[in-house]
Amino acid sequence: MEAAARIFLYLILYSVVGWVYESTLCSITQRRLVNRGFLNGPLCPIYGFGAMAVILLLPGGQDESLVKLFLSSSVLCCILEYFTSYLLEKLFHARWWDYSKRHFNLNGRVCLEGAVVFGAMAVLLVRYLHPFVAAQVAKLPRAWLYGLDAGIFVILMVDLTLTVRHLLGLKGRLAEIQKLLQAQKEAGQRRLEALGEGLRDSLAAREESVRAHAERLSALLDSRRFQDRRLMRAFPGLKFRDSEAWEQLKERLRRKKQP
């Protein structure tokens, strides 16, 4: 029980470290503060799971050569990143990152550059960071450890629930926006046909249909702007299956930000 509690705390700590790294890198690139994370809180869980995979699945890392540790960690973390990308795409119909334009990539999900970074970070983790962190966590009284884990777990579950609800809602909104965009095009075409044929009654009906579609589309684009904007900033390369709808939403968010 105590060992599991320590592992959970390690997972959270390294998720925070990953969030600091990703947010700093993204903030420098975009020249503004960015909460770079799947969740709302300061966590990048993939880094936490990657760190724990290296620590638990490569227990002899401290005694291995740097080259062997680097290579085995790179492969392990790339496998995790690949299947995380695949799972997120299937769940939310979206590509969260895409390395297609980088050299030596595999289906745009992992690339050589990322593997090198993961390997280097794993070496630093195993040789320097984790021994220090493990020593400090071992000093925590058992009651404090369990209480800290329980509090973090509750907050994490609330954050995860809110995040998943928003993403599933966004997926549904984008699907509806995509249908409305197509309906607008068709209604506009029928309006032109009615105008050309001089059919007044039909023209009035077409115009009413276009207005109704426009109002519904505007309502969908303007809902949940804060969450959508955070997602857009955190993942600039995010691509949804309903790509036209996502581009429309991003453009609306950019315009709404302007004075």
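For all residues, glycine too, the Cβ spot is worked out from N, Cα and C.
Marked as transmembrane segment by TrEMBL: 6-25 (among others). Outside the transmembrane segment (6-25), and at least 6 residues removed from its termini, the chain residues within Cβ reach (under 8 Å) are 33-37, 42-52, 55-56, 125, 129-130, 133-134, 137-138, 145, 148-149, 152-153, 156.
Annotation source TrEMBL lists transmembrane segment at 37-58 (among others). Beyond the ends of the transmembrane segment (37-58), by six or more residues, the same chain brings 7, 10-23, 64, 69, 72-73, 76-77, 80-81, 84, 96, 118, 122, 125-126, 130, 155-156, 159-160, 162-163, 230, 234 to within a C-beta distance below 8 angstroms of the stretch.
Residues annotated as transmembrane segment in TrEMBL: 70-89 (among others). Below 8 angstroms of C-beta separation, residues 46, 49-50, 53-54, 57-58, 61, 64, 95-97, 106-107, 109-110, 114-116, 118-120, 122-123, 126 of the same chain, each at least six residues beyond the ends of the transmembrane segment (70-89), sit close to that stretch.
Look at TrEMBL and you will find 110-130 (among others) tagged as transmembrane segment.
Marked as transmembrane segment by TrEMBL: 150-168 (among others). Sequence-distant contacts of the transmembrane segment (150-168) (same chain, six or more residues past either end, CB-CB distance under 8 Å): 8-9, 12, 38-41, 43, 92, 224, 227.
Long-range Cβ contacts of the transmembrane segment (110-130) within its own chain (Cβ-Cβ under 8 Å, at least 6 residues beyond either end) map to 10, 14, 17, 50-51, 54-55, 58, 61-62, 66, 69-71, 73-75, 77-78, 81-82, 85, 99, 102-104.
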